[in-house]
Amino acid sequence: MASLAQRVSVPLGVTSRRPAVSPVALLGALPVRPSQVSVGSRLAVKPVAPVRARQTLVTKASAADAPKELDALETTVSKVVGAKLAPTVVTLTFIAIWYALNIGFNLLNKTIFKYFPYPYTVSTIHVVVGLIYCVLVYAVGLKSWSFGRPVTKQEFKNIFGPAAMHAIGHVAANISFAAVAISLTHTVKTLEPAFNVVLSKVILGEATPLPVLLSLVPIMFGVALASAGELSFNWTGFLTAMASNLTFGFRAVWSKRAMTKSLDGTAVYAYTTLISVLICVPWALFAEGGTLVEGAKAAIAKVGASRFYTDLFMVGMLYHLYNQFAFNTLERVSPVSHGVCNVVKRVAIIGSSVIFFNQTLTAQAMVGTVIALIGTWLYTEMSSKHKHKKAPPPPAAPSGGASPAAA
């Protein structure tokens, strides 16, 4: 049999430019079956429909589908309502307790101011009773109900700023509660989101979307309408409620910058109470210390010593526990849901105070309050749909060069 070079008259001394590839090796690189290939002078490949590779379908469960691990309380509740409903039942229970404690606090607090008009002192008693509760609970070994653990210097520094604003805002709110009706103070406090927007821009550089800004208009209009129609209106009550909005706005903004994830809400609020005591005690002594003894004697003469001291202790416990459950609820729901809960809470407080104190609301005040509350709900909805735009980070310094000087 003649060689391939002789058949095509190619001199044996001439090397072919193409590398020799065997048909079998070529087949390994083609998506064909060997039965469809004939080896000859030409490599003939019969057309074939593409063959689908058999793939094994692997289904991975998403994180949302994975069963949620229950905490100790949810585990106990699950024995009654089942594991699926336990988290929802616990959350709704927390919200209900938060509302009940908050309503009780507001009603008792206003009652105390009627016979003991010392808002600085009463504000201090609120946090002192709370601190005593935290210390006792910690001492008996229930650390998770209190401070949790000792904090580092940096953690204490991170908590101090928001806690200081919390203390100042708390005193300002109580001055307002003592001066005007509960309904007016809570209506004015619906303006707090407006302060948050301004401070977020000034401090954090966050730009607020236009729909969110527009949702503040009904709040401002409703507050103005309710204030003008409120029979108990005075400038002391109005301005201190506004001051409370400002300081709570600082608290919210600074908390974003200084929030620690290593402490739960219970521990953060316990340390907030401790810092509030350090601020409120000297402030109350300076503002009301000169007349405090005489004021206490006059209050005891009106209601009796037993009721006087019991009311002060109970209002302090209600204040601490309602804030505690507010923090616990925030851990279980989204910030938007927590905002909606706050709107409903204000409706419940205003309604209960009007009934409890037999308060007369003018039609103008009522309409303004409703508009402000609707505006607060609208702000919460718009905030959930349109996220704040964060300020861009400063440009990095050129490699090897000095960082730009601060303006």
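Each Cβ is built from the backbone N, Cα and C atoms, and glycine gets one as well.
Those TrEMBL annotations? Automatic predictions, nothing curated.
When the ranges 203-226, 299-322 are checked against TrEMBL, the one recorded as transmembrane segment is 203-226.
Counting only same-chain residues 6+ beyond the ends of the transmembrane segment (361-380), those with a CB under 8 A from a CB of the stretch are 183-184, 187, 190-191, 193, 212, 215-231, 336, 339-340, 342-343, 346-347, 350, 354. Across 85-108, 159-182, 203-226, the stretch most heavily in contact with the transmembrane segment (232-254), judged by Cβ pairs under 8 Å, is 159-182.
Long-range contacts of the transmembrane segment (120-139) within the same chain: residues 109, 112-113, 145-147, 167, 170-171, 174-175, 178, 270, 273-274, 276-277, 280-281, 283-284, 287-288, 292, 295, 312-313, 315-317, 319-320, 323, each at least 6 residues beyond the stretch ends and with a Cβ under 8 Å from a Cβ of the stretch. Sequence-distant contacts of the transmembrane segment (266-286) (same chain, at least 6 residues past either end, Cβ-Cβ under 8 Å): 120-121, 123-124, 127-128, 130-131, 134, 144-149, 151, 156, 159-160, 162-164, 166-168, 170-171, 260, 320, 323-324, 327-328.
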